[in-house]
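Q: Residues or ranges marked as domain 'ABC transporter' by Swiss-Prot: 20-258. For Gly56, Ala57, Ser58, Gly59, Ser60, Gly61, Lys62, Ser63, the entry in Swiss-Prot reads ATP binding site. Marked as transmembrane segment by Swiss-Prot on the basis of sequence analysis: 284-304, 531-551, 591-611, 619-639.
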Amino acid sequence: MKREAFSPSASSTGAGTPLIELAGITRSFRNGEIETRVLHGIDLTIYPGEFVAIVGASGSGKSTLMNILGCLDRPSSGTYRFMGEDVAGFDRDELARLRREAFGFVFQSYNLLGGASARENVEVPAVYSGMPPAERHARAEQLLASLGLGERSHHRPSQLSGGQQQRVSIARALMNGGRIILADEPTGALDSRSGEEVMKLLRQLSAEGHTIILITHAREVAEMAQRIIEIRDGHIVADPGPSKPQGPEPDFAPHVDRTSSMSDLVEATRTALRALRANLFRSALTLLGIVIGVASVIAMLAIGDGAKAKVVDQISAMGTNLLTVRPGAPNQRGRETTATLVIEDVRAIAELPNVLASVPEQSASVTLRADNTDQRTTANATSWNYGVARNWPVASGTFFSAEDEARYATVAVLGQTTAGALFPGVDPIGQYVLVNNIPFQVIGVMSPKGATPWGQDQDDIVFVPFTTGSLRVTGQRYLRNVTVAVEDVSRIDATQNEVSQLLLARHGVEDFQIRNMASVIDTVSATQNTLTILLGTVAAISLLVGGIGVMNIMLVSVTERTREIGIRMATGARMKNILQQFLIEALVVSALGGLIGVAVGLGTAAVIALFDTPIKYSLLPVVLAFGCAFATGLVFGYLPARKAARLDPVVALASE
């Protein structure tokens, strides 16, 4: 059966009920095989409102006793009852609640957060108790003003004197009510005047009904208390006994109302930013790892996607609705010179359903001459509907017609590269060129096509009618290939099968090959995707290294800020509060690095694009890169955060 949660702020003691009861308390420490007992069977009872001084020399066990009284440490044996409730059964979070709602600590070394202002230091217990921001700001200001520090609420501890820092510590102890003030050598680091002021404050708080437990080695300081308990070698050697209160205990607990999780996150984020500002150079180096990782992912994927888009566009420009029939059986060498395709095959293919155009092609390397200029290029003998099939219009003039083919006209259409080489700065339309010393009249110039994905200049070409070319230019009867344009691209595979069956029936043997441009695009896209993934993986490794850097720095931060963690635990921070704080610090680093990395990655890609490198931006890589950076912070920040949350309060407070 689950025990009902104990709430010290919701409980009150009767006039005759002890506030604290210790019975047979011992505390031992083990170092290897050696066990040292510091406390021996401590019996102690403290009632509400008492001003108790525990006095003893160094090593007497008084600080260990204070740690147990303040629930910073657990006894090795014995019973500790707080308001009748056995503290031994409390878990870490319940002990944190007890410290938060019942105890206020005043330390000899002040134990203030160096990067926070006086007001922010005072507010720490209220942050963990869930007091709304406006209310805790007002209460902190009121407490500081009552202690004479109203004008120094925004000063950091380094800007305050020792006495002022101790008053800030007292104000912090009172923030959540300060039902019990545990003061460990509160005057030890102060001059005599400041020490007297602190003791005056403690006597005043005692008069107001606060229970004061003073730990000191100085007899003259202890004399200011109502009850002096002497401890020596872990034993209580003198105790006049408790004084029962004459009336009910005052209510010290301020109004606390749980704030939303969003408010907790905002406060944790503010604390994280303050911690990062405290070590700007180190934070910048940590950010750099994430920035490089995110920027690399975005830039490399943009380059990979750009290269893929360029290749696909180039292939698409050749026609996505095309089938190319070539002579020669599959895997046959030298199929370019194999004589299997004839013009009758072209006419038969044109009769098939879903065929928009069936275009014969022959080619030969020729020399063109215009005036005194020679140009070595490729002559393509084809039909009048070549431009329709290839989706390649003329830029000027016209393409030859079916009538030109029928009458074996000696007309030519030049590619952009060829036209520019033969007729620089001159309109070639109507001019004559010699194709292997045969005069052809230029009737058109094709629009620019650019290079193929394999680097071949498609504009370095001359087109002539098929009939004329096969008779006077190539001297061939057989075709180099047949280009088949389909009407419905969704049925291109079915049309390919029909063309294959037709040619197989006509030839009686599979002496041809059919290439589907849509399949080529799919293959090239798959290859480019693989390369893009490879680039992204290499970049992701950079992000992984950045994440390891975050974990390394956070582990160092936990080590450096162990004392701060102890202070926060002493003021009531739960394990989840510490875990949340350091996890958010890692996430803030990763998120900032991710945002900067996105900007750097996009900027890098833009600069690379200036050098004619194809770049393609898309939202998905940006989201993935930032998401991975955030996830990296979460994953690699968890271990340091968990380490921080599991620290022992006493060990953490004792660290330097």
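Glycine is no exception: its Cβ is also placed from the backbone N, Cα and C atoms.
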Q: With a Cβ cut-off under 8 Å, give me the same-chain residues at least six positions beyond the ends of the transmembrane segment (591-611) that come close to it.
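A: Same-chain contacts beyond the flanks: 286-299, 302-303, 306, 546, 617, 622, 625-626, 629-630, 633.
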Q: Let me know the model's mean pLDDT on the domain 'ABC transporter' (20-258).
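A: Value for the domain 'ABC transporter' (20-258), mean pLDDT as a whole number: 88.
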Q: Which residues, same chain and not among Gly56, Ala57, Ser58, Gly59, Ser60, Gly61, Lys62, Ser63, have a CB within 8 angstroms of the centroid of the CB atoms at the recorded ATP site?
A: His217, Ile231, Arg232
Q: Among the binding-site residues Gly56, Gly59, Gly61, which residue has the fewest other Cβ atoms within 10 Å of its own Cβ?
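A: Counting other Cβ atoms within 10 Å of each of the binding-site residues Gly56, Gly59, Gly61, the minimum falls on Gly59.
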Q: In which DSSP state, out of helix, strand and coil, do we find Lys62 (ATP binding site)?
A: helix
Q: What is the number of other Cβ atoms found within 10 Å of the Cβ of Ser63 (ATP binding site)?
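A: I count 21 other Cβ atoms within 10 Å of it.
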